[in-house]
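Student: Dumping the structure here so I can ask a few things about it.
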Amino acid sequence: MTTRYIFVTGGVVSSLGKGIAAASLAAILEARGLKVTMLKLDPYINVDPGTMSPIQHGEVFVTEDGAETDLDLGHYERFIRTKMTKRNNFTSGRIYQDVLARERKGEFLGATIQVIPHITNDIKRRVIEGAEGYDIAMVEIGGTVGDMESQPFLEAIRQLALEVGRDRAMFMHLTLVPYLAAAGEIKTKPTQHSVKDLRSIGIFPDILVCRSDRAIPNAERAKISLFTNVEEKAVVSMRDVDSIYKIPALLKAQGTDEIVVKRFGLDVPEADLTEWEEVLYHEANPIGEVTIGMVGKYTELPDAYKSVNEALKHAGLKNQVTVNIKYIDSQDVEVKGVEILANLDAILVPGGFGERGVEGKILTAQYARENKVPYLGICLGMQVALIEFARNVAGLTDAHSTEFNSETPHPVVGLISEWLDEEGQVEYRNEQSDLGGTMRLGSQLCHLVKGTKACDVYGSETINERHRHRFEVNNNYREQLSKAGLIFSGLSSDKSLVEVIEIADHPWFIAGQFHPEFNSTPRDGHPLFESFVAASFKLQKS
């Protein structure tokens, strides 16, 4: 199979939405019958984002095969059907780590290791391997043109485009076209300079996507075309919209996909965006709304919970209700009390790490249990629910997780010392292991107990969900907690680890050790989130 490459770069400022723009174009091309994949190349020196602060970087998206990746890969999976893997995201840190390891082994036969050709060659190799087997590979370069860290990646894609030829490679550049209210006009100069910088390193954009808070007039598009040497029809206006799922239709309306297929000489049918039209219809025509409180540690940056946010929206689409998310810092629950949780239709406690705010999450789980408020716990959200139940129902005073209190008399949650990875191989860990890359990661098989709410929600006794955690339920307490009324409704493939818990005497109280949000998409939703939102809406109406 001959793979074509679309390299996506950004200029002027960061956070313009390169990932969403690239994913939207990929969605249109997929709707034309093409097999599409996407890669994200991150210039930072971290080996992966696994140990980075969510406040700085946003969420860590976990792939089925256990890679800790950039949150843009979540956008990719939500827009196209292709599942991302370890091949779809790599960083400068990963490149340098691997190249230096090979140098230590003597694989370069004494050569002086340099950015060109050794680093750039490794980047090209990874791009080619990640794109193998697909008609189209969208390759997004993180950061902006002009960043020092991006230079090796930009040089690598310049070389790769030259090597494969113009009929197999093209460049899409995303820029900001600001509107100055004082002058009452759109300013194109930043875009002109951004393209000039890109051209100075040998990259000539074929498509220019112009981000603005409004549609860019034809006269301004013509001006941009003139000064950037990009065809006017390829100067695409991407205005602000109230839903990211409108972007595919916005790009298609301007013929962006047609530019691609003509350039690559592809004979493919027109894009069928019926599924996306259905998504937009449900989004625009809700029959009600619910307010869900998300009680977490990183609430100052919603992107820290990006996939959870989107999964709740998807569940709203499936139930034809608007989901309003109220972010609540778990420390505020500790300081101000559970009264701040009043008037919520449901409560969700997402994953997280560290002791700060954990008692607030435990209080939140108690409030939801005692007041019959629908509760969904994810990862740490399951652990705090279990700790709360152990303390206040099972009579295990001062029960806790050893992550937060190594001296607790009742360690109902403890460090996993061994587990099976996504390939069924045994993994080991102890207190001295590195933090990075040593968690239970990736998609794992889970057995649900027949007759439980979790089994009814999924409609199956076996499921696959993605994990990212070091701590698990202590099996020594399972019998005691079961006798107190806690239901262990899901277990790992070898039945050794608790995956799902629930409470019977409650309208809807389910918590899972896994991260179901990573499997939710706007077109398909996710059964756990759909049931959670449905229960919230039902109780609101009762």
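Numbering starts at 1 and runs along the chain as it is shown here.
Every residue, even glycine, has its Cβ placed from backbone N, Cα and C.
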Student: Select one of SER14, SER15, SER24: the residue that Swiss-Prot places in the CTP site alongside ASP147, MET148, GLU149, LYS187, THR188, LYS189, PRO190, THR191, GLN192, LYS223.
Tutor: SER14
Student: Name the residue, out of ASP72, ASP167, ASP303, that Swiss-Prot lists for the same ATP site as SER15, LEU16, GLY17, LYS18, GLY19, ILE20, ARG239, ASP240, VAL241, please.
Tutor: ASP72
Student: The L-glutamine site in Swiss-Prot lists LEU380, GLY381, MET382, GLN383, GLU403, ARG470. Which one of GLY316, GLY337, GLY352, GLY525 belongs there according to the record?
Tutor: GLY352
Student: Given the model, what does the mean pLDDT over the domain 'Glutamine amidotransferase type-1' (291-542) come out as?
Tutor: 91
Student: I'd like the number of other C-beta atoms within 10 A of the C-beta of LYS189 (CTP binding site), please.
Tutor: 10
Student: Cβ distance under 8 Å to HIS515 (active site), same chain, sequence separation 6 or more: which residues?
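Tutor: Those within reach of HIS515 (active site), by Cβ under 8 Å and sequence separation of 6 or more, are VAL62, SER307, GLY351, ILE378, CYS379, GLU465, ARG466, HIS467, ARG468.
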Student: Just to verify: the residue among MET148, CYS379 with the fewest other Cβ atoms within 10 Å, which of the recorded positions is it?
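Tutor: Least crowded of the recorded positions MET148, CYS379, by Cβ count within 10 Å, is MET148.
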Student: Near THR191 (CTP binding site), how many other Cβ atoms are within 10 Å of its Cβ?
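Tutor: For THR191 (CTP binding site), the 10 Å Cβ neighbour count is 30.
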